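A short worksheet on the structure shown next.
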């Protein structure tokens, strides 16, 4: 690793054990890597926080939980829960300049297991998240055609139930009907019809394996030299999605019926605010969107200069993340309004699809019937790939930084080899998700491998820092870096409100986590076909869990 850690045998001398104003003694060696530019760091953090879930998850839960009224609990949860935890992790990483494992020798050694848990969770995420990017790459390759393959029902994978209603008159849409885009996804990309569940996942799809190999190749050459290389890559992967979102927003606004989708998206239902589930959904969205607890913020901020203004970074990146989610809603629902207009149904009937089915069925179906469909399909899936890659960079960098900082003697001069080994392990661990029943495995890993564990990690981290390390000592650390101690608001949030936020969310948690963040599909037909139904996942995976 171009950047390394020295052995810390004593607490960080950047603070004193009393409440006196600390002296900012720099413990980072000159050999430790640093960001070349401040924007490299900001784009890396934004790229990690803004992922596929901002596009498919937020718009759905916004309309499901009261439309415009949902913004009230969402903003409150962000102010009192998400942003304070986000700020805390950035400050911790920047002050102690070490990864998620070795940082605990400075905070509270008994909590060191949190660091190892973070690495294991990040490994689980890498096993399935990159498969979703591979699906997007498969679509990207398939988009280089004058007629997109999910436009009609004349392909070898189509069934008699395939119904194409675009440009057709007197078409009857029944419960048994399936669109060409749905059959392309389920029968050509996933081939899930060849699997009956986790007990019979079938063989590996070589096409998806090739796509995944290409994804991990990009990941390796982006991470192998540290933040010097990844900081340059994010200038493309973190900015390109915003260009594409803007193009798709303009195109969506010009479609017939777009206004119907926007009204459906934002129409406030004030009565929803009295439901506990709405507040739980708001907590889930903001926590998993900003991503505290995953160790990524610790790792990325550890390469900052000691006096970097991490407070401003936390505010700016949080605002960008939340605004991206909000704008993505317009991108999605203008198209859903268009779909409803074409199907001659209500927007609510089209908006039942969410999660992967929204990005791999509904949106591609709408694109296929636009003028310039090939162009819009290509840029849409490029956006999905780049959104996914940024989060992968962050997740794997959390593991790399944590391990190299904990074992510098073994891996300090072997970063390239260690990254290669890690990428190979992730690739091999992902093979089960590339099978015919890979969607079942994805759901299993997401629901049981990551779900509640990351909430517990975030809760324990907040408790360890605020209560065991001490809020006064942590405030002194921040003052040493910024020259100004955190205000009363931040202290109260760190000590009481943010841990309570996680405890409340954890006790009511029923949502998957970043980055998939999809739950059950409302359309029973699609749920059984795509295998993203929680009840089915629990049934199939119960024996292995027990």
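The backbone N, Cα and C atoms fix where each Cβ goes, glycine too.
According to TrEMBL, the Na(+) 1 binding site annotation covers 47, 50, 54, 289, 321, 387, 390, 391. What TrEMBL lists as Na(+) 2 binding site is 49. Marked as compositional bias 'Polar residues' by TrEMBL: 1-20. Among the features that TrEMBL reports, disulfide bond is placed at 153-162. The region 'Disordered' annotation in TrEMBL covers 1-21. Taken from TrEMBL, the feature transmembrane segment applies to 41-59, 71-92, 113-141, 204-223, 235-259, 279-303, 315-340, 366-389, 417-442, 448-468.
Positions of the features from TrEMBL, shown on the structure.
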residue	record	CB count, 10 Å
47	Na(+) 1 binding site	28
49	Na(+) 2 binding site	29
50	Na(+) 1 binding site	28
54	Na(+) 1 binding site	27
153	disulfide bond	17
162	disulfide bond	20
289	Na(+) 1 binding site	26
321	Na(+) 1 binding site	26
390	Na(+) 1 binding site	28
391	Na(+) 1 binding site	27
For the transmembrane segment (315-340), find every same-chain residue at least 6 residues outside the stretch whose CB is under 8 Å from a CB in it, and list them. 42, 45-46, 49-50, 54-56, 58-59, 62-63, 71, 74-75, 78, 82-83, 86-87, 242, 245, 248-249, 252-253, 255-262, 264-266, 285-286, 289-290, 346-347, 349-351, 358, 362-363, 365-366
Any contact between the transmembrane segment (113-141) and the transmembrane segment (235-259)? By contact I mean 3+ C-beta pairs closer than 8 Å, pairs at least 6 apart along the chain. no
I'm a bit unsure how to read this: which one of 41-59, 279-303, 417-442, 448-468 has the highest number of Cβ pairs shorter than 8 Å with the transmembrane segment (235-259)? 41-59
Where among 41-59, 71-92, 279-303, 366-389, 417-442 do we find the most Cβ pairs under 8 Å to the transmembrane segment (448-468)? 279-303
Neighbourhood of the Na(+) 1 site (47, 50, 54, 289, 321, 387, 390, 391): other residues with Cβ within 8 Å of the Cβ centroid, in order? 46, 48, 49, 51, 52, 53, 324
Which bits of the chain, at least 6 residues beyond where the transmembrane segment (366-389) starts or stops, bring a Cβ under 8 A of a Cβ in it? 50-52, 54-55, 129-130, 132-133, 136-137, 139-140, 143-146, 148, 150-151, 166-167, 180-181, 215, 218-219, 222, 236-238, 240-241, 244-245, 247-248, 251, 255, 335-336, 338-339, 342, 359, 515
Given the recorded positions 49, 153, 162, which lie close to residue 390 (Na(+) 1 binding site), meaning Cα to Cα within 10 A? 49
Spacing of the two Cα atoms, residue 387 (Na(+) 1 binding site) and the residue listed as 'Na(+) 2 binding site', in whole angstrom, works out to 9
For residue 391 (Na(+) 1 binding site), the closest of the recorded positions by C-alpha position, picking from 49, 153, 162, is 49
Could you round the CA separation between the residue listed as 'Na(+) 2 binding site' and residue 289 (Na(+) 1 binding site) to a whole angstrom and send it over? 6
